[in-house]
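As given in TrEMBL:
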ACT_SITE  H48  active site, tele-phosphohistidine intermediate
ACT_SITE  E121  active site, proton donor/acceptor
BINDING   R47, H48, G49, R50, T51, A52, W53, N54, R97  substrate binding site
Amino acid sequence: MGAARLRRDRRPRAARGGADVLRARATLERLPGHPPHAHVRRLVLLRHGRTAWNDTGRAQGHADVPLDDIGLAQAKEVAPLMAAFAPIAMWTSDLARASQTADAVAAECGLEAVRDPRLREFDIGPNRVGLTSDEYAEQFPDEHAALLAGDIAGIPGRESRDDVLARFVPALTSYVDTLGEGETALVVSHGAALRVSVPAFLGWEGDPGESFGVLANCGWVVLEHSSSTWTGGVEQWRLIAWNRIA
């Protein structure tokens, strides 16, 4: 299925708030939690809750780091808000921080969260895992310099943006192909992977995700497939919200 481009002057701004802050639950009336119109399909993409490594600035990549107590509370907090979207299906990265978040949401939704490794975060290479940026620069200066220069090929084991898109975008496409009119699916994944994959799924050129800002832990994105005056009546996927938080 094709995905058309959004107008550039409609680009969203990241919501304010940190990844380690739990806000009071918003009322459902303040959130886009109602079922979509009968002809609209919707995809909601949620970043996992906080981990201890998020809190200390340690890179995770494919490391299977679980949620910390704050992350578990965030997952519990966001679960009824995700249930308000009335999803009919749910997929999650198989890494612990995402699957733990997904399981909390799935229990609220009455669904099973299907594990899919295509939804994993960037593989950042073995030497980057568990280190802060300063530690990485000190212990692996050549790799750090290559990263700053955008020379991904110079970093052993690290995935490029194209590598991530090659697995992530087909996964999203396969999910939305299962949706009927008026149905919503939910995906739980990771910040960097979502930031590059959402614009690619929408058909945007280049790497506009860099301007979105980082998704907060348990921040979510809403995409809808419908026609509008902006598209001249042509149905396409559109970005409705970026980095909504509880």
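Heads up, the Cβ atoms here are built off N, Cα and C, so glycines get one too.
Curation does not apply to TrEMBL; its annotations are automatic.
This view paints the features noted in TrEMBL onto the structure.
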| residue | record | CB count, 10 Å |
| --- | --- | --- |
| R47 | substrate binding site | 29 |
| H48 | active site, tele-phosphohistidine intermediate | 30 |
| G49 | substrate binding site | 30 |
| T51 | substrate binding site | 22 |
| W53 | substrate binding site | 19 |
| R97 | substrate binding site | 28 |
| E121 | active site, proton donor/acceptor | 23 |
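In the three-state DSSP scheme, H48 (active site, tele-phosphohistidine intermediate) falls into the coil class.
Across the structure, T51 (substrate binding site) and E121 (active site, proton donor/acceptor) place their CA atoms 14 angstrom apart.
Recorded residues E121 (active site, proton donor/acceptor) and R47 (substrate binding site) have their alpha carbons 10 Å apart, per Cα-Cα distance. A distance of 6 Å separates the Cα atom of R97 (substrate binding site) from that of the residue listed as 'active site, tele-phosphohistidine intermediate'.
Put simply, the two farthest-apart Cα atoms among R47, H48, G49, R50, T51, A52, W53, N54, R97, the recorded binders of substrate, are 15 Å from each other.
Classification of E121 (active site, proton donor/acceptor) by DSSP places it in coil, neither helical nor stranded. Under the DSSP three-state reduction, W53 (substrate binding site) is assigned to helix.
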